[in-house]
Amino acid sequence: MPVEGGSAGGGGGVRRAKQKRKSHSLSIRRTNSTEQERPGTLRDAVDAQDSKLPMSVRSNLLDLFGQIEREFENLYIENIELRREIDTLNDRLSADGQTVDGGDLTKGALKTKASHSTSQLSQKLKTTYKASTSKRSHSFHGKVGGPRNFSVGNWELWGDSWIVSSFKATTSRAVCQLVREYVGHRDGIWDVGVTRTAPVVLGTASADHSAMLWSIETGKCLLKYIGHAGSVNSIKFHPTEQMALTASGDQTAHIWRYMVQLPMAAPVPEVSAPCDEEVDFSDKDEVEGDPDGPSECPTLRLASATLRSHQGVVICADWLVGGKQAVTASWDRAANLYDVETSELVHSLTGHDQELTHCCTHPTQRLVVTSSRDTTFRLWDFRDPSIHSVNVFQGHTDTVTSAVFTMSDNVVSGSDDRTVKVWDLKNMRSPIATIRTDSAVNRISVSVGQRLIALPHDNRQVRLFDMAGVRLARLPRSNRQGHRRMVCCTAWSEDNPSCNLFTCGFDRQAIGWNINIPALLQEK
């Protein structure tokens with residue numbers, strides 16, 4: 001997800017420079033030539049331009065463009081075939097005086113197909129964005145997956161897969177309401193969190209190299225931390241003190257102290273848009289607001305402590321119970337345990353075969369869980385100072401994007417294989433519940449009191465489930481509310497009276513939601 005070193009810096013200036021070079025941009029048009037002819041045609045088009053790119057870089061770009069074009073061409077052809085089949089089915093049902101519903105679409109020729117090649121290309125593009133170390137002219141706004149082309153009843157066609165995507169409009173509007181949007185970052189937001197001590201504020205970590213603290217009630221930026229030299233990939237708050245821990249693509253984690261003063265609360269806006277009215281935001285690349293960020297926002301540049309020793313992107317960091325130690329997870333395939341007071345490395349936790357994607361600590365015990373692209377997550381036990389045990393759990397078939405603890409003895413893991421699994425710490429041989437979804441799952445969160453799971457998806461949706469795997473709701477997303485790009489993270493704050501759930505995404509905004517949990521559970 002995030003970017004190393006100087007990959008995301010200078011977004012605005014580079015974007016303006018890109019506009020000046022508009023006359024030299026490459027325009028790719030679909031032709032009737034064969035796939036073998038396409039690369040040559042594209043290279044000829046580029047050679048005709050005054051390009052400053054090295055030949056190797058230009059060749060790689062052309063190959064990627066060719067792959068993308070072929071992938072979309074395949075999706076387009078499949079969608080045309082499915083559209084014809086739907087027309088035939090509708091004509092047949094109309095003759096019988098029937099209508100199309102979800103059950104009909106799951107049978108016969110319209111049975112859902114697996115889109116493995118599309119998923120692979122999407123993951124390649126997402127990883128390329130995270131790992132890029134070169135300057136880029138603009139932000140990549142999510143994955144290639146194909147926009148919604150058409151719908152029938154409660155079913156929609158995303159890419160080449162049919163999925164159920166509707167919920168009762170009246171139910172979701174009454175139970176899940178958008179309260180406030182937090183706009184000010186200049187690039188995608190990877191992580192969101194809420195302080196554990198007063199004053200209670202919202203924190204966001206962004207690919208624009210900054211972390212921001214926000215007033216939950218007013219949406220005003222209270223502080224902007226700009227001490228990192230790379231994408232800020234996660235933010236976590238100290239359990240008892242006014243300190244934040246941020247992980248970055250600059251291969252470090254920073255601990256910094258903050259002091260903020262909350263402004264007067266603003267009135268909560270009325271939101272009445274139908275929750276199931278969905279539109280394609282492909283032409284609306286940016287959220288409304290000041291492109292240069294929030295005005296009159298104090299900035300902080302110096303960290304109280306810097307945690308070093310990783311040889312790759314630090315993707316996530318968290319506090320151990322008590323706040324005297326911190327753990328970091330990196331793309332160098334290791335997780336490190338540090339002493340907060342001295343910033344010294346205490347333990348290096350190795351064993352994963354590929355890059356780490358997330359780490360999480362238990363709220364009351366000295367336990368750490370790390371997730372990885374190697375399809376596993378590992379449980380590290382530091383309760384006994386003399387014995388540090390580790391357990392490896394294999395339950396997914398693709399990258400484990402996050403694994404989090406609950407207040408009880410459970411671990412919940414989410415994956416790019418489009419599943420979320422609930423595990424019992426006392427018996428981790430097999431999950432006690434499995435949630436199957438229609439899109440890759442990013443950084444999940446579990447509420448403390450009612451143990452509700454909030455799932456952020458690549459397809460811009462956010463869904464709520466209970467620990468038994470029962471779907472409770474889908475957050476409203478329409479032409480006036482909700483995320484317009486991939487949703488990266490969710491965070492619960494059940495004690496907050498106005499917003500008890502927060503989400504963030506690659507549309508450069510965080511959103512505060514009010515979830516009527518008693519009503520939600522009553523409707524289950």
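Each Cβ is built from the backbone N, Cα and C atoms, and glycine gets one as well.
Predicted, not measured: the structure shown is a model, and the values here were computed from it.
Taking TrEMBL as the reference, the stretch among 1-49, 344-392 described by the feature region 'Disordered' is residues 1-49. Within its own chain, the repeat 'WD' (393-433) is flanked in space by residues 119, 123, 357-358, 360-364, 367, 369-373, 375-379, 439-446, 448, 451, 453, 455, 465, 467-469, which lie at least six positions past its ends and keep a Cβ under 8 Å from the stretch.
Long-range contacts of the repeat 'WD' (349-390) within its own chain (CB-CB distance under 8 A, at least 6 residues past either end) are made by residues 1, 312-313, 315-321, 327-337, 396-405, 407, 411, 413, 415, 417, 425, 428, 443, 448. Mean pLDDT for the repeat 'WD' (182-224) in the predicted structure: 97. Under DSSP, the residues of the repeat 'WD' (349-390) split into helix, strand and coil as follows: 0 helix, 27 strand, 15 coil.
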